[in-house]
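*Asks:* Got a structure for you, questions after.
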Amino acid sequence: MLKISHLHKTFNTGKVNQVIALHDVNIEIQKSEFVVIVGANGSGKSTLLNCISGSIFPDSGSIHIGNCAVDHLREHQRSKWIARVFQNPLSGTAPDLSILENFRLAALRTSSKGLRIGITERFKNTVKDRIAELGMGLEAKVHQPMGSLSGGQRQALTLLMAVMDGLEILLLDEPTAALDPRSAETIMKTAAKLIANHQLTAVLITHNMKEALAYGSRIIQMAEGQVRRDVTGAQKTGLTPSNLYEWFL
Amino acid sequence: MEFYLTAILQALCFSGLAIGIFISMKIFNIPDITTDGSFTLGGAITGVLLMAEIPPSLSLLVVMSAGALAGAFTGFIHAKLNVNPLLAGILVMTALYSVNLSLMGRSNIPLFNISTLFSPAFFLQDLNQNTFIVLLVFVVVMLLVIGYLLKTDFGIAMRATGNSETMIKALGVNTNRMKIIGLAMANSLTALSGYLITQFQGFADINMGIGIVIVGLGSVIIGETLIHWLKVKSILTNLVLVIAGAVIFQLVLAVTLDIGVDANLLKLVTASFVLLIVSLPRVLSVQR
């Protein structure tokens, strides 16, 4: 589904603050695989995710989604396959637009935003039904500006927005890092449910070892811009917190 | 009384400018000062075309397209060449001064005995009433078109571009293209204001755009204050209040002239007034 080959990325090439963010990264992710990526700060996780989404371009190497080479496509063009949830809950939504308007845009992620009024009664009811499934009582507030909600609520809605339109790959960039433990748990449970229900291919970056153990079918550790460990299936299920802890020693 | 009526009519002429600034500043969050140039551009083209006896309707089309082109240039320089928007606007505005002067061929074009949009033959005999109705039609049509546009899927994407660029990129919108379109729209409306004002005052002048961006800004800021007070959510009402802001602004200027302030000080008064409105919320909150 997602094939990353020989990816290299260096920031500030030739300067004193040169950073090798990615060095010959090769990863192949199958359809409906849920991959968790862990690694210390500066190990290249976020750079990798940004290269996949197209918000930055690698120096060399290639990325395929299905059979399509997406190297030359920009972020808004890759949105046809990819939906993202950002670390900062503010990044994934537009605060001054209403919840309904945010969802309308999300529902049009893969198609053009034309000159017609798309927020109809029917669309409104669809959105309300979807939001009601979260059990947060937000369905009564669809006309409120997104900015009036808490970070946790916004992040939950961002997740729902991701599946409003067809998608192949869901990228989760530390979605719970800015949230309190309870909200974080709700978000992760919601994410896991959506990924399972829609059979999504998902990539999650996290610093939370409990999340890394509890979720996903495969775990990749990155260090110094390279893949250090890649553990799948029963081996992943058998991992214990102390195993993970040792990885970081 | 006549004096205040003129101020209101003038404000209606400025409504395109106010909505234009609302689009660039409030919707796209871009401080665009191409305005001074595109306003004069609108006036210059109107003067030249009407003198050549081209009907006002056709002139309107040319004016709005030219304004859109000017805005698209600024948008292109900002979005594609990565130039600071303020600088992009200054560059295009400066270049437009020469363009306008070459178009006009001289610094002033008076429209004596030329049939304009406001010529009494159009509707009513009373000149002011006639002008008022013509302007009202313009304002209503503009409000309906822009109000509808901002409610469409395209319009929501536009509003999101200025509000959360990371999000809207991830949702498949080419934000560069969106900004170019937005600035084109804004400056097209500004040129429309130049078109109306030229016919209203009966001449086009190379300096008619100097400091005009402040008039638009002031109107938008007054409009914003009203929007906050009244807690308005509907986008159409937002637009109406921005135009109300333009009317209030012109009335305040009319009052200052009426109480005998020297007309040469008008720009000073304008700037001070805008400063007052901008700083008022802060001054009030400090007192509390």
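Placement of Cβ uses the backbone N, Cα and C atoms for every residue, glycine included.
Below, the features straight out of TrEMBL:
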TRANSMEM  B:6-25  transmembrane segment
TRANSMEM  B:60-79  transmembrane segment
TRANSMEM  B:86-105  transmembrane segment
TRANSMEM  B:132-150  transmembrane segment
TRANSMEM  B:180-200  transmembrane segment
TRANSMEM  B:206-227  transmembrane segment
TRANSMEM  B:239-259  transmembrane segment
TRANSMEM  B:265-284  transmembrane segment
*Asks:* Do at least three CB pairs under 8 A connect the transmembrane segment (B:180-200) and the transmembrane segment (B:60-79), leaving out pairs fewer than 6 apart in sequence?
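*Replies:* Yes, the transmembrane segment (B:60-79) contacts the transmembrane segment (B:180-200).
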*Asks:* Let me spell it out: take the transmembrane segment (B:180-200), skip the flanking residues so only those 6+ beyond its ends count, and list any with a Cβ under 8 Å from a Cβ in it.
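*Replies:* Non-local partners: 9-10, 12-17, 19-21, 23-24, 27-28, 30, 32, 34-35, 38-47, 50, 56, 59-60, 63-72, 74-76, 78-80, 111, 116-118, 131, 135, 138, 142, 146, 158, 161-162, 208-209, 216.
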*Asks:* As a test: from B:132-150, B:206-227, B:239-259, B:265-284, pick the stretch that has the greatest number of Cβ pairs under 8 Å with the transmembrane segment (B:6-25).
*Replies:* B:239-259
*Asks:* Among the recorded stretches B:86-105, B:132-150, B:206-227, B:265-284, which has the greatest number of Cβ pairs closer than 8 Å to the transmembrane segment (B:239-259)?
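*Replies:* It is B:206-227, which has the most Cβ pairs under 8 Å.
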*Asks:* Let me spell it out: take the transmembrane segment (B:206-227), skip the flanking residues so only those 6+ beyond its ends count, and list any with a Cβ under 8 Å from a Cβ in it.
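*Replies:* Beyond its ends, the transmembrane segment (B:206-227) has Cβ neighbours at 11, 14, 17-18, 20-22, 25-26, 33, 35-40, 43-44, 97, 100-101, 104, 107-108, 190, 194, 197-198, 237-238, 241-246, 248-249, 267, 270-271, 273-274, 277-278, 280-281.
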